[in-house]
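As structure tokens, the structure follows; a few thoughts come after it.
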Amino acid sequence: MIWMAPSLLAADPAHLGDAAAAVPDADWLHIDVMDGHFVPNLTFGPPLVQALSRRARPPLDLHLMIEAPERSVEQYVRAGARRIAVHAEAAGHLHRLLQTLGSLGVERAVAINPATPPEAVEWVLDECEAILVMTVNPGWGGQRLIPSTLRKVERLRATLDSRGLDRRIVVDGGIDLETVAAAVRAGADTLVAGSAVFGSGDPAGALARLRAAAEGALSPGKSN
Ligand SMILES: O=C(CO)[C@H](O)[C@H](O)COP(=O)(O)O
């Protein structure tokens with residue numbers, strides 16, 4: 001089953017609450033937390049996340065692009081996060097951090113940047129529910145998908161299948177009507193999309209079209 005996670009990063013910052021409320025059919029609402037250190041951009045802090053949780057129907061999916069994520073995860077859980085993605089590159093003790101997140105009761109994803117090999121998650125697959133493959137370099141929305149990242153998605157899906165593990169593979173960056181089918185065919189089942197949803201005048205309609213294209217790519221006999 002395909003899950004869609006529109007990313008608020010692409011919404012008008014002056015109207016974030018309205019944007020959060022505009023996609024009630026999303027499976028997750030994706031929120032990119034950036035600290036100006038792990039990535040150059042600076043975005044959402046816990047009070048803003050808490051305020052958005054009151055406007056959004058979908059559960060909040062936080063992608064922490066921050067250094068030392070272990071210092072802040074509890075604050076983001078208290079603010080309303082239901083899934084948290086932490087970067088393998090940012091966590092000094094990734095396994096311990098995932099155990100902490102598990103004890104806090106949230107779904108856990110491990111994120112990897114385009115230059116990070118898929119093997120970086122191999123020894124923590126028992127401690128997460130999802131792997132988030134960055135399909136652009138993190139920091140900004142509106143970039144083009146890097147094709148080599150989909151080969152990592154294929155490798156990860158093959159590894160999961162060979163180990164009999166049921167884990168979500170999330171792709172994030174440059175997902176639109178042109179790229180979504182290739183991402184799904186590579187093995188992704190959860191799609192983060194910012195510009196393709198909130199860059200349109202009709203976020204709910206854009207989300208529905210993207211979901212239909214993704215589901216079409218899963219169904220044999222349909223061309224997308
Ligand atoms: O994590 C991100 C950037 O670091 C964003 O979620 C991602 O770039 C989605 O935006 P778009 O769909 O516009 O590429």
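Backbone N, Cα and C define each Cβ position, glycine as well.
TrEMBL: automatically predicted annotations, no manual curation.
The candidate list His63, His87 contains one residue that TrEMBL assigns to the divalent metal cation site with His30, Asp32, Asp172, namely His63. Summary of the divalent metal cation site environment: with the site residues His30, Asp32, His63, Asp172 set aside, the chain residues having Cβ atoms within 8 Å of the Cβ mean position are Ala5, Ser7, Leu9, Ile31, Asp61, Leu62, Met65, Ala85, Leu132, Val192, Gly194. Cβ atoms within 8 Å of the centroid of the Cβ atoms of Ser7, His63, Gly139, Trp140, Gly141, Gly142, Asp172, Gly173, Gly174, Gly194, Ser195 (the substrate site) belong to the same-chain residues Leu9, Ala10, Asp32, Val136, Pro138, Gln143, Val192, site residues excluded. Ranking the binding-site residues Gly139, Gly141, Gly174 by the number of CB atoms within 10 A of their own CB puts Gly174 at the top.
Between the C-alpha atoms of Gly141 (substrate binding site) and Asp172 (active site, proton donor), the distance comes to 10 Å.
Considering only the recorded positions His30, Asp32, Asp172, the residue whose Cα is spatially closest to the Cα of Ser7 (substrate binding site) is His30.
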